[in-house]
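Database features, via TrEMBL:
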type	residues	note
TOPO_DOM	B:1-7	topological domain 'Cytoplasmic'
SIGNAL	B:1-25	signal peptide
TOPO_DOM	B:29-148	topological domain 'Extracellular'
BINDING	B:HIS123, B:TYR127	heme binding site
Amino acid sequence: MHRFANPSRFLKIARPLTGWLFWPGLVLLVAGALCGLLVTPADYLQGDTVRILYIHVPAAWLGMAGWSGIAVAAIVQLVWRHPLAAIAGRAVAAPGALFTAICLATGSIWGRPTWGTWWEWDGRMTSMLVLLFLYLGYIALANASPRDGQGGVSPVTAIFGLVGAINIPIINRSVVWWNSLHQGPSITMRGSSIDGSILWPLGFTLLGFSLWFGAIVLMRMRTILARNKVEARLQRLARG
Amino acid sequence: MKAKHQRLVLALVALAALVGAGLLAASALRDEAAYFYAPADVRAKGVEPGKAIRLGGMVVKGSLKRATDGVTLRFDVTDGKATVPAVFSGIAPDLFKEGSGVVAEGAFDAKGTFVATNLLAKHDERYMPRELEGMKYDEATHQLKVER
């Protein structure tokens, strides 16, 4: 693990990996979206409206997976003082917030024709909105607290990331614990209540968006590492 | 014990405490955070007439009647344990129909009928093509018809 604390060793892997995640991700994503729009049948109840699921579900998954990543990075940063973990936390925050916002927006667009409302304060929607606010708070805190000189997030930001992780199981269980307008989970350990003919492009977009998410995180980590290098060089120049 | 191990133990203890606190808070919220009352909750707890609540459940099959004014709907809401009559005047969402989920906003009147001011349709977690449901979608009228 600590072998990768060396940025140049990390970059040696991250540089080619970015492309390997980005391009297959794009292909899967476009294929999944096209199949979801053109190939799959409409839902018996919702008609064509159901197709927004191919964007909404991956966005929700990545919003939650992003914060889980922040929490894991926070533990690695706080316990093992791994510098790349602090950088990873900062790199994950923006795309995580973006996908959470996409999830909320597509959910709202989906809710209007099916439920008859853009927004309701039920458990699922409220806890997802809280996740967006947590991301914004994390980004603000990361930018406001003193940097560690390597572009990572400060320890207090990492602790915030760890504390915020409590929201993830709450989002997951919100439709089970409480009466809610949002329907219960479709895909569980026991199987899927989405018929196979509608389900399969979701696998494409889920994997495609996930690969993309990984590529974005790697690009952002590389940007932070490159900026460190620039700043170090400028400081050397300034000293003469 | 090395400092690293100390930090690991501290982090894990903190995490366990957090999860415990979150679960406690969530379970304490259980009823308060419910988005709607089910008919059985109404019967068990009693909701005084005039108090604004949301009532959620399934629209009983065969109970939906449209009044002659064309906008007033009468239907029964059930959760399998209790059934409550409801009335609504206005435009219902497209997915509102018999045998499907509904969340109604409004209040009970003195006679125990739920007077809804707004209806939301609640669908379940199943998604399937129309063929499987044994239904045919008429593009012209936007109606579902049972084929068999």
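Each residue, glycine too, has its Cβ placed from N, Cα and C.
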So, in DSSP terms, is B:HIS123 (heme binding site) helix, strand, or coil?
-> coil
If you run through the topological domain 'Cytoplasmic' (B:1-7) with DSSP, how many residues end up as helix, strand and coil?
-> 5 helix, 0 strand, 2 coil
Mind looking up the mean pLDDT for the topological domain 'Cytoplasmic' (B:1-7) in the predicted model?
-> 83
DSSP helix/strand/coil residue counts for the topological domain 'Extracellular' (B:29-148) | 12 helix, 51 strand, 57 coil
